[in-house]
Amino acid sequence: MARTAGLREPAAPLEKTPLETYVPPAKPSLIGLSRAELAARLGDVGVPERQQKMRVQQLWHWIYFRGARSFDEMSSVSKDTRTALAERFTVDRPEVVAEQISNDGTRKWLLRLPSGDDLQKAHEVECVYIPETDRGTLCVSSQVGCTLNCAFCHTGTQRLVRNLTAGEIVGQVMVARDRLNDWADRETPHGNRLITNIVMMGMGEPLYNFDAVRDALLIVSDNEGIGISRRRITLSTSGVVPNIKRAGEEIGVMLAISLHAVRDELRDELVPLNRKYPIAELLQACRDYPGASNARRITFEYVMLKGVNDSLDDARLLVKLLKGIPAKINLIPFNPWPGSAYECSDWEQIEKFSEYVFNAGYSSPVRTPRGRDILAACGQLKSETEKLSARERQALRAMAMTD
């Protein structure tokens, strides 16, 4: 997004810090807790029940509206309460250990988290900010690694390590606001926030971490805090059918489906989850999604793979399958990564595919690849806990030079 003179610029990029410098937090963070949970923590430090509702509102304002980094900043909270909270808790975010900035302005942060095991080894996830003229989109992760093994996705080459907590998911949004100077007391052009949209399209399958994702998104969308509208939050799933309806009922955000194929035999290969929840079952769940309408269309993501799923026959069957579903189709040029077995469809073929779908009555934008040179584009995220080999780094540089 364009910035004007005199406004606070985003913080400078960070250098990667060594894994062994990580020190696990000694105290739990209040980030990610519901109001009821915050009230319980206040009770733990001796705040009388009659004061808890007021104190919760104060904490909520300072943590999620103002982005306070310590209890000392919370000037409207009594000093005794601040001291008691600081002795037991923190408002720490995930640790930012590296930041990369693409030639197109996309930013990728590598975030370090405690592992939750006795060895206290750190885990890492990635979070990506994509600035555009009329919006700023933050791509958020829900798991360390992924269990789905989608054939075209870089994250799928990393084993699932663990689910993220609600606090670690919300923490990604807070880290991004920290790095972009995007809290309520900071100037931004025309009074708008730099982060306007959230997409749960980072590492992991959100619906396999349902409770934490739900709790995090309810906090992110709360009007008295971070305040990002649910209509500006999109949850993307590869098709965990039993939790799709739950997402509509309990979270109420926009839904995106990683479809990528129109025949079960091919989708079984590209998205192995299809063997459990085939296309017909998935699309029925979409038809039943609470709140779906022409004003709240379901997005179907379709990665364009040369000679694999990009024929006009595929386009025709796609249109047929989506009949009766308020939908739009995002066509995604395949973003290569070291060791990937696929090629991106030719641009002419992508345009033909898009034109056919559009003429059938569906919006079919072609997603502009962003952040390819820093492996931040769709399907390219992978925790640096699993290092790239020298050969992979060389391949990445070669691919970036040809874009």
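Keep in mind that glycine also has a Cβ here, set from the backbone N, Cα and C atoms.
Annotated features, as they stand in Swiss-Prot:
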ACT_SITE  E126  active site, proton acceptor
DOMAIN    132-375  domain 'Radical SAM core'
DISULFID  C139-C378  disulfide bond
BINDING   C146, C150, C153  [4Fe-4S] cluster binding site
BINDING   G204, E205, S236, S258, L259, H260, N335  S-adenosyl-L-methionine binding site
ACT_SITE  C378  active site, S-methylcysteine intermediate
With DSSP assignments reduced to helix, strand and coil, which class does N335 (S-adenosyl-L-methionine binding site) get?
coil
Taking E205 (S-adenosyl-L-methionine binding site) as the reference, which of C139, C146, C150, C153 (the recorded positions) have a CA within 10 A of its CA?
C146
Rounded to an integer, what is the Cα-Cα distance in Å between N335 (S-adenosyl-L-methionine binding site) and C153 ([4Fe-4S] cluster binding site)?
9
Between the Cα atoms of L259 (S-adenosyl-L-methionine binding site) and C153 ([4Fe-4S] cluster binding site), find the distance and write it as a whole number of Å.
13
Assigned conformation of C150 ([4Fe-4S] cluster binding site) - DSSP reduced to three states:
coil
Taking just the CA atoms, what is the gap between S236 (S-adenosyl-L-methionine binding site) and C139 (disulfide bond) in Å?
11
Within 10 angstroms of the C-beta of C146 ([4Fe-4S] cluster binding site), what count of other C-beta atoms is obtained when all protein chains are considered?
26
